[in-house]
Amino acid sequence: MELLGDLGLGFATALSPYNLLYCFIGVLLGTAVGVLPGLGPVATIAMLLPITFGLPPVSALIMLAGIYYGAQYGGSTTAILINLPGESSSVVTAIDGYQMAKQGRAGPALATAALGSFFAGTVATFLLVLAAPPLAEVALKFGPAEYFSLMVLGLVASVALASGSLLKAFTMIVLGLLLGLVGSDVETGTQRFTFDMPELADGLNFVALSMGVFGLGEILRNLEHEHSRSVMVKHVSGLMLSKADFKRIIGPVLRGTGLGSVLGILPGGGAMLASFAAYTMEKKISPNRAQFGKGAIEGVAAPESANNAGAQTSFIPMLTLGIPSNPVMALMIGAMIIQGITPGPNVVTDEPELFWGMIVSMWIGNLMLVLLNLPLIGLWVRMLTIPYHLLFPAIIAFCCIGAFSVNNSVFDVFIMAVFGVVGYTLIKLDFEPAPLLLGFVLGPMLEENLRRAMLLSRGSPMVFITHPLSLGLLLVAAALLLIVVLPSVRSKREEAFSE
Amino acid sequence: MRRLTLIAAALALFSGTAAAQSDYPTRPITVIVPFTAGGPTDTVARLVAEPMTRALGQQVIIENVGGAGGTLGARRVATADPDGYTLLLHHIGQATSASLYRKLSYSPAKDFAGIGLITDVPMTIISRADFPATSIKELIETIKTKKQDITLANAGVGAVSHLCGMLLQSALGVQVTTVPYKGTGPAMTDILGSQVDILCDQTTNTTGHIGTGKVKAFAVTTKERLKTLPNLPTMDESGVKGFEVVAWHGLYAPKGTPKPIVDKLAAALQGALKDEKVIARLADLGAEPVSQEAATPAALDKYLADEIAKWKPVIESAGVYAD
């Protein structure tokens, strides 16, 4: 019954005209950046973070969340129509989606992506409603020792689940951790790696760093090869699915939703991992597996459901524990802090309007996205024809304004520029930058909780083992680490990601 | 002839500045808040900016220049032109930064001309709900006997809660285990979750939780009892003579700002502190505007000097520095 009351509050908040507007702006922007290759939700949210100062917290978070899951919809459009993933989580969608488009079945492919996403979004939102409050209840009992162990698990998991080389993922995490050390020591105030620059006393600016690595870095790389983005399908027709198509996608959508929901919760998980895993699984078990790679509708349905489900459930650890499972969630936490809200288990009880309003808005946003994406597909197609030489300077200008406005500091703009070069170098060397950002965010939290736990236990490291929850988390982390380094698993893993 | 021109030029220049002073302000005034938007200091600044805008006839703009415990924003004002168009609104950190930072590139004592005090935010001493002590006397007893087994949270080096904790330890003559957090929010979360024992923080952050009984409140840190929390004794009446910590806020101009301009700003500030809306909003934060006599340049200059002198030995004996 209480749940109904809470949901009522959520609907009342999310349906206020003001919040509906921001939800709409969010999903619209999200779709746009999803459609445009070279600009992802991380860079967009980082750019918009400073302007959310002026908004009420609920509206700000509703809008930012909309950008994230909106991008999952938009990304598939580009993937299907021009064989170029608009967003990293749509990489696998391009394989079969583009083949379908070539065979003149772009309409059904787009419809499958949108409907699968909507179904997955609905289920995952419902999961969020059910799981988050009890989890927050448990999280209230979390002390520094438990938080520390949880973050160890998070970092191990993000290495294990990262695509590509294990060593490279590990390197990125460590680099991120080191960057996170810049600034004042929490306990003693000692300056670390600040080179006597007071601007660095509070550490590297998170917004500047993420915009540099994800925004500028991506743009630099895209400038290298201006793709000829010929849109082969100018007019998309036949958005309705046939009965046979419908039958074929039910199974993949359900499985994708389930897998995506689980993988979204895991630290280091989220939309991208979910889509890869769902595609791989479907390829193994589908009765039509022979068609995969040649335009199988299942190859669109499964990853598209999975990435949207993963995008939604990755809010669970963020909202209940205050721990980000991916860079987007790290930015959301930043947005909360800007608004004066302490992320953590207290959000559910202290800010019920924010919590429930945001969850309900996700469902409403998903509904808006179906409407935005199917009838308006022509508009998005046309957007793809905006030339890069107009788009990129505009984005860079926005990045500079965004980085400057956080602290009204030119220093942060330089930081962003430096990390733009760093980001570009990493991409060139085939290093995935996401673990770096995760390490950067989790590193200081990890250190803080480690030292706090040791302080409270009067210097005894046994505290991590004597607390049952902490012990459990550490054991899971150890097991995961062991599994990943086992030779047989390692080769399987590489095989899975290379597909 | 040449000399005459020079004199004429000098005269013209002089009358020019005189005119500029009596016309002041002729363009918008920037008040630098050395913390991010949305925080308590920013709230105070935005509150007084509105009535001051009306009184001065020019827009008073708030610019947030956060970082390094407020010293980045303060430095910008210390080195700004002393023309009355760049001001600083800072809290108690203006006084404590003089001792907390050894490598400060400006002097909080010498580089500013005070305009006036704005408000005092009182603080409360609270503990986790299941802490055994029931009164401030018992709390002090417990701290004195259990010493290092007592954990005292604070919101990070230089935060008001950190200052209050240092003063408490030096007043009681004991060392407890200090547990720093990044901000009051996480520290409060751990008090609510019974991970740490005690916290001394601003009423802005604690009053709500005291009301719902989720934390235990023992005393206030002001000289007199508060209207909002009348049951809480002061530290002074509980046997810790002279114990007083308030998160006070002041408005400053760079040193060398002409006196007429400073006086004009002080008058506008005094007017703002009489504004009904300002009083009501400050009350929501558990604070009150200072008296009209305190909202003057002389009062702030003296108070700043007193506070610098008060905190210097406390910080030095604790041996904690922010750089």
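In case you wondered, yes, glycine gets a Cβ from its N, Cα and C as well.
Taken from TrEMBL, the feature domain 'DUF112' applies to A:20-438. Mean pLDDT for the domain 'DUF112' (A:20-438) in this predicted model: 84.
Counting residues 6+ beyond its ends, the transmembrane segment (A:20-39) has Cβ neighbours under 8 Å at 14, 48, 55, 59-60, 62-78, 84-87, 90, 215, 218-219, 221-222, 227, 229, 361, 364-365, 368-369, 372-373, 380, 383-384, 386, 388, 391-392, 395 in the same chain. Per TrEMBL, transmembrane segment is recorded for A:20-39 (among others).
For A:45-69 (among others), the entry in TrEMBL reads transmembrane segment.
For the transmembrane segment (A:109-132), same-chain residues at least 6 beyond its ends with a Cβ under 8 Å from one of its own Cβ atoms are 3, 7, 69, 72-73, 76-77, 80, 93, 96-97, 100-101, 236, 239-241, 245, 249, 252-253, 256-257, 260-261, 264, 297, 300-302, 304-313, 315-316, 319-320, 348, 355, 359, 362-363, 366-367, 369-370, 373-374, 377. The annotation transmembrane segment is assigned in TrEMBL to A:109-132 (among others).
Residues or ranges marked as transmembrane segment in TrEMBL: A:152-182 (among others).
Taken from TrEMBL, the feature transmembrane segment covers A:258-279 (among others).
Within the chain, the transmembrane segment (A:321-342) has long-range Cβ neighbours (under 8 A, six or more residues past its boundaries) at 41-42, 45-46, 49, 52-53, 57, 60-61, 64-65, 68, 135-136, 139, 142, 147, 150-151, 154, 206-207, 210, 214, 264-270, 314-315, 351, 354, 434, 437-438, 441-442, 445. Per TrEMBL, transmembrane segment is recorded for A:321-342 (among others).
Per TrEMBL, the feature transmembrane segment maps to A:354-374 (among others).
Note on the transmembrane segment (A:386-404): residues 36, 38-39, 43, 46-51, 205, 207-208, 211-212, 215-216, 219, 222-223, 226, 410, 412-413, 415-416 of its chain, located 6 or more positions outside it, place their CB under 8 angstroms from a CB of the stretch. The transmembrane segment annotation in TrEMBL covers A:386-404 (among others).
When Cβ-Cβ distances below 8 Å are used as the criterion, the transmembrane segment (A:462-486) is approached by residues 141-143, 145-146, 148-150, 152-153, 156-157, 159-160, 166, 453-454, 456, 493 of the same chain, each at least six residues removed from its ends. Taken from TrEMBL, the feature transmembrane segment covers A:462-486 (among others).
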Using Cβ atoms and a strict cutoff of less than 8 Å, what residues sit near the transmembrane segment (A:152-182) while being 6 or more residues removed from its termini?
192-194, 200, 203-204, 209, 263, 266-269, 272-273, 276, 323, 325, 426, 430-444, 446-447, 473-474, 476-477, 480-481, 483-485, 490, 497
